[in-house]
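Asker: Got a structure for you, written out below as structure tokens; questions coming shortly.
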Amino acid sequence: MTGVEYTRQVNFEPPRSFGTVLNSRIKETFFPDDPFSQLKKEPLPRRTINTIQYFVPICEWLPKYHLGFFKYDLLAGITIASLAIPQGISYANLAQLPPIIGLYSSFVPPLVYAVFGSSKNLAVGTVAACSLLIAETIGEKVSPTENLQLYINLVYTATLISGLLQTVLGILRLGILVDFLSHSTITGFMGGTALIICLQQMKGMLGLKHFTHKTSVVAVIKSIFHNRREWRWECFVIGIIFLTFLQFTRYVKKKKPKLFWVSAIAPMVVVLTGCLFAYFAHAEKHGIATVGDLRKGINKLSINRLNFDSEYVSAPIKAGLITALIALAEGIAIGRSFAIVKNEQIDGNKEMIAFGMMNIVGSITSCYLTTGPFSKTAINFNAGCKTPMANVVQSMCMLLVLLFLAPLFSYTPQVALSAIIISAMLGLIEYEKAYHLFKTDKFDFVICMSAFLGVSFISMDMGLMISVGLALIRAMLYIARPATCKLGNIPDSNLYRDIEQYPVATATPGMLILQLGSPIYFANGTYIKERILRWVRDEHDVSKSSHNDIEYILLELGGVTSIDITGVESLFEVRRALEAQGIKMILVNPRLDVMEKLMVTKFVDKIGRNSIFLSIDDAIGACRFTLKSSKREVEETLSKTSKGTMSPFTTTIFVSKSTWYELTPRQEEEVVSAVVTAGDKHKRLSALPQLSFLIAASFFPFFLALPNAFKECVS
């Protein structure tokens, strides 16, 4: 191949400095949204204000707040507060905590989120999955029935650990870690958790006094039937009535979304009805258990109750780490889903800091883990909330309840709380999503079902780890076995596409064009090398019958975003293996990071700069004339001319027809010279044919230039 000057040249600038590359990588890893790009143009005072507004969002939306927003936020806040009371009591009961702690957890954390949160729609509260996970994990170390105070202390400690982890992840902008909890994993985990919770609520629905603390389906079902002598038909009838009413209100909301408030106030109606029934019917005399004592007053400080004793600290650490990630994944996903509806954006890393701060503050004010539950957020959104002020309104409503109304809820029947929880959990078992995964992606379905079955039949943490492990295995398979494909030319175009996807695409004689679609790392370097050589071997088998041997292999590297040293060594090995077979390697469109690594490792010097091109079209144009098959055709034609079996004019037309659109200027001169020389050797030419041949040869470069000129005009 000869060196050629192209108007479109590959950039061979010296590699960037290490500091420049490191700065670029850090920026793309931790600040992909580049939140401070606009601050560079601002004066220092304005830059300071914008920075404060970025980290403390209330400083941005509160100065713009007006009465028109407040009337919507007031309605939304009161609505979600009416749901927070029964949910707070129910989920605290699920976490084996005193009910008052559930009410505390809907008072302080919403205030903190209103200061640091970036979502206008998210409503803060406790969630069933994390409540059950806390009960399971800490209950393995300390029984809440035997030592309730120590159990509560460890719950506060787990909440603190969750908050610290969430805050650190947000400050370090490591939201990418939450992305490892895939949608399939969350769907299966929430479904399995919902199934367990529903079964565990049979304790309240049947009025059982003794029940297992284990969470597997088998253990729960065994416990239900083992204690069948304790079943109370009165509890079951009341529970079915409450559950039917709750499901009916959800059906009304589904059919008529404008009546969302019917479903929103239904749990409160159940609680109030249950309280009145328990008070006037003396429910406890009939075996119907109630919540018990609820004292008036706001949260007490619990900083002195944090327990880091080495004998027990492993349980809150385990619970804190797992619930932190689950709460982040659930809360951020819910916040983003509702923000998309309003065409808004929320910063996941700021949300992490907000969740972390409210759990840190909550852990020292007698609260346990909180995040953004779907049910409350959906009601908040449908109620027309405009800003996080709705969380402030919710908090003020809970303050009034704690100061004046808390004792009234001490008559709440446990069966009413069980019905509320079961109704909420039935919506989390998403059959349609699982079926959709089965129809669209079988591996995602396996990941989903592994979480569902693992949570249901083993334990919550094991089910989650199994599902995440399968998801990571799938991701590693994508890395270790990247996609490669053979490209062909789409007829009547200069486009080259996968021949498997586009069967009409035709291969280029003498060349094998391959596209690599992922970074080349130590994990896949060997596979890529073997795959390329297998492509070559398969192509040789096909070309034996057509006598069209492979002379060039073109590697399209536009999809290769980076390469490490092992990857470069793999390319060296591929080149040596190809050279042994008489095949030359050509690189097409290497990315900046890849080109710099190839230059530093001297691979560019080894392969030659004239073996690297901007496009497949350029590479083919430079390589085609040097193909042995093309040379053979031209030599045979020139031989016929010298023997007199073909006229030089015909030779000119043949050569121009087969090669004019592929030749460089220097190659054009060589062809014309070869044809003219052959004409001179043809001694039997008459004067007129020879004159016509010379005229054609003189116009030959002009005809060759026409297509290139046309291409330039079009581009």
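Placement of Cβ uses the backbone N, Cα and C atoms for every residue, glycine included.
All annotation found in TrEMBL is predicted automatically rather than curated by experts.
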Asker: Looking at 231-252, 319-340, which stretch does TrEMBL describe as transmembrane segment?
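Answerer: Here TrEMBL associates transmembrane segment with the stretch 319-340.
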Asker: Test the contact criterion for the transmembrane segment (151-174) and the transmembrane segment (260-280): 3 or more CB pairs under 8 Å, pairs 6 or more apart in sequence, then answer yes or no.
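Answerer: No, the transmembrane segment (151-174) does not contact the transmembrane segment (260-280).
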Asker: For the transmembrane segment (260-280) against the transmembrane segment (65-85), do we get 3 or more Cβ-Cβ pairs below 8 Å once near-sequence pairs (under 6 apart) are dropped?
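Answerer: Counting Cβ pairs under 8 Å (6 or more apart in sequence), the transmembrane segment (260-280) reaches the transmembrane segment (65-85), since there are 3 or more.
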Asker: For the domain 'STAS' (501-623), what's the model's average pLDDT?
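Answerer: Averaged over the domain 'STAS' (501-623), per-residue pLDDT gives 89.
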Asker: Under 8 Å, at least three CB pairs between the transmembrane segment (352-371) and the transmembrane segment (65-85) (pairs 6 or more apart)?
Answerer: no
Asker: Report the listed stretch (65-85, 122-139, 180-199, 392-409) having the maximum count of Cβ pairs within less than 8 Å of the transmembrane segment (319-340).
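Answerer: Highest pair count goes to 122-139.
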Asker: When you scan the chain for residues with a C-beta under 8 Å from the transmembrane segment (180-199), skipping those not six or more beyond its ends, what do you find?
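Answerer: Contacts with the transmembrane segment (180-199): 94, 128-129, 132-133, 215-217, 220-221, 224, 325-326, 329-330, 333, 421-422, 425-426, 428-430, 433-434, 437, 444-445, 447-456, 460, 463-464, 467-468, 471-472.
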Asker: In terms of Cβ proximity under 8 Å, which residues at least six beyond the ends of the transmembrane segment (392-409) contact it?
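Answerer: Same-chain residues near the transmembrane segment (392-409) but 6 or more away: 73-74, 76-78, 80-81, 84-85, 89, 99-100, 103-104, 106-108, 110-111, 114, 123-124, 271, 275, 291, 294-299.
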